[in-house]
């Protein structure tokens, strides 16, 4: 893959160049296209949206369930990779190209640490499973042939010799064992089926029904992708000479993919300093509630807290004039006005693009709050689900009147490291009757907007 000016591609050139004879791939051949920097970033972001949708669906629902499939399909259709879940065989060049190139870009971005590799590998495997199971029987067979996965079914004689064992392992599907095709593979290739006692084992081999072939393919793809990620990681230092790509790749894993909250123009002038206290109780996410309460208590916030909270307030529509009035009113309860003007007003104007390089600073996303600049002693910024002691967090939830069921759910997802899902359940617990079960909280300002929509709807 080359980064540069883009030339017009002949029809079906992508199919020939990539070696992709089937729209479902295990990405063995690197792309050879030339793409612009803009396309490079765009393709990466679109695939990242797909993998985040896969992750969120897997957290909320059992993989392969109707709810899981519905949520994955709904979210992927919102991206520019929507065509990859089509059930008909397609020779659309653009579809192959974006799918192919975006996978390899994220390989570069996610090979830099073991945690990133593990996340990328799991989401890509789940995406492959989802796509393969949507294929019809003919296209599944074609995929196996294209990728030289020559798994042949056992003979009828061998099947009859072990038929009783196959029926016993089939459980509820025992009546179909006589007519089903079985594949004999080393048991190490289908450990998930062995773990679930879904296959008959004999002399180190597992007899896998045709419907469970996906387990064999997942094992094969896992080995291939793990090896490729390791190789890509070793080659990564060569990219250090290209200062165009490395910063972009480094930032992808922390990338926020939702709405831009750099300024809430529709609300500017409607939110005043006097409204912040009541809004904090009604519609602020826990991270911002914590910052607001800390400021009211101490009449001060350290730099990390001022940045996180100040940009959030800017994002909900607090104007520069109102922001200066809000901060000054609170801080001058512990210092004189001259000290505030000299030490703090500049930073507030800077956040609004009125000082320094006059950049329009964007409110922090959940990803940035969770993964960057962990709070130290005396700090109040950060994510309560990520940075608060578990016992203290559970105690705070109970003191806020959160029910035991919701507290247990919130703490489960917190312990599992799914902090944004925990925040979503906090939202559900504090907004009785919310009707958006599939909404994911990815940004504190999104939380605020969802809460305001909820209360506006109730008033109507």
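If you go along the chain as it appears here, the first residue is 1 and each next one adds 1.
Cβ atoms are placed via backbone N, Cα and C, with glycine included.
It should be emphasised that the depicted structure is a prediction, and the values quoted were computed from it without experimental measurement.
Per-residue pLDDT, averaged along the domain 'DNA primase large subunit C-terminal' (277-448), amounts to 92 for this model. What TrEMBL lists as domain 'DNA primase large subunit C-terminal' is 277-448.
Under 8 Å, Cβ to Cβ, and six or more positions away along its own chain, residue 423 ([4Fe-4S] cluster binding site) finds 285, 286, 366, 383, 385, 441, 447. The [4Fe-4S] cluster binding site annotation in TrEMBL covers 287, 366, 383, 423.
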Legend entry - Neighbour count (Cβ, 10 Å) for residue 383 ([4Fe-4S] cluster binding site): 27
Inset, instruction - Find, among the binding-site residues listed as 287, 366, the one whose Cβ has the highest number of other Cβ atoms within 10 Å in the structure shown. - result: 287
